[in-house]
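The block underneath contains the structure these notes are about, expressed in structure tokens.
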Amino acid sequence: MNPNQKIITIGSICMVIGIVSLMLQIGNIISIWVSHSIQTGNQHQAEPISNTNFLTEKAVASVTLAGNSSLCPISGWAVHSKDNSIRIGSKGDVFVIREPFISCSHLECRTFFLTQGALLNDKHSNGTVKDRSPHRTLMSCPVGEAPSPYNSRFESVAWSASACHDGTSWLTIGISGPDNGAVAVLKYNGIITDTIKSWRNNILRTQESECACVNGSCFTVMTDGPSNGQASYKIFKMEKGKVVKSVELDAPNYHYEECSCYPDAGEITCVCRDNWHGSNRPWVSFNQNLEYQIGYICSGVFGDNPRPNDGTGSCGPVSPNGAYGVKGFSFKYGNGVWIGRTKSTNSRSGFEMIWDPNGWTGTDSSFSVKQDIVAITDWSGYSGSFVQHPELTGLDCIRPCFWVELIRGRPKERTIWTSGSSISFCGVNSDTVGWSWPDGAELPFTIDK
């Protein structure tokens, strides 16, 4: 091979190597560009987020909360939650609230509450002793947490409310508007599905605790009319947020307000407040067709406040100290009854649970169990029932639970505001203890001085 041929051969080989190297570099650049494009696309893919925990939402299988089981047998009450919202609110951003209540789905329990459109220790908390204003809204947060703008979910505009879960979605009922023409707005999964207009034009109001769901239908009780005389009371049956049936109670000489309702063996029992003339609590029980029975808890262990000292009860309204009242609850077990009540007979202070083994039908004042919840030297307030379904607990029965509102501020304390925290307990058939779980906040706040 002469020198010219060698030069041509070496040059050709170098050119081939250069071309191959160039092609490999181009391929590498294309590969990097494609990989980068895929990663960038994934980073910018829109994902829905929750407004409470900022985690990507995952599809959750729905169930039907049957409500066909009986209440679990219990021997006492185990502490379930305490939010300490007034103590935390002296320094943190916590809503001014009242009328808190708890309701559970098959996945979680949430605290619902009526805000005043204001925060504790802020100028807008002034005058929040008022029950009904256009600023009041129903909101919710995880149970046991202090309700704040950072963990709470808006539910409805309301100065009276109820909420419950049927196994698929949350139903909320929010009443707002003028006293002589308020409207209840029903929402299902956050979407308005129906409305109920005041039919007596006299402060339409509802439970201030959870509604009750059985086999996909949910039930609530509403009142319209005088708070100190005969009013009108209706039971509503709702499916997916729409009213499918309602019945007005034929209940002369009865007074029902702020009912605490729960399912038991496929039927609903509600224990309510008589603000007219009863120191004992009226009840209404009904089936899924709204066929109902009415009565008063007969026990001589009286459950309302104010009330007389325990004595001889009645299966009708007990008149002494019967005017006014406070929201409360009881759980029926055959002829027996667990009664929740304030310790004081004339002020909203203290709280206790009493087991009267024949108090649903018997009029004596004997009882066999008393469990302390709040000392008589500490403020309490409203109380109400809620339940945990077997789909949540894994039990073969419906667990009874209750919450107690711990009101602070006006009218009993020297502040410019009225608000409250809450505690809750659930029934168990094991060891429990009586104690005092008070609100515990030191008042007044800076804004009050």
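Any Cβ shown, glycine's included, is placed from N, Cα and C.
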Record Swiss-Prot, residue C164, disulfide partner from C141, C211: C211
Swiss-Prot annotation, Ca(2+) site containing D274, G278 - matching residue among D250, D304, D310: D304
Cysteine paired with C72, where Swiss-Prot records a disulfide bond, from C315, C397, C401: C397
Length of the line joining the Cα atoms of D274 (Ca(2+) binding site) and N68 (N-linked glycosylation site), in Å: 29
CB-centroid shell, 8 A cutoff, Ca(2+) site D274, G278, D304, site residues removed: H255, R273, N275, W276, H277, S279, N280, R281, P282, Y296, G303, P317, V318, G322, G325
Nearest recorded site to G278 (Ca(2+) binding site) by CA-CA distance, among recorded positions N68, N126, N215, Y382: Y382
Length of the line joining the Cα atoms of N68 (N-linked glycosylation site) and Y382 (active site, nucleophile), in Å: 28
Assigned element (helix, strand, coil) containing Y382 (active site, nucleophile), judged by DSSP: coil
Same-chain residues at least 6 apart in sequence whose Cβ lies under 8 Å from D131 (active site, proton donor/acceptor): R98, W159
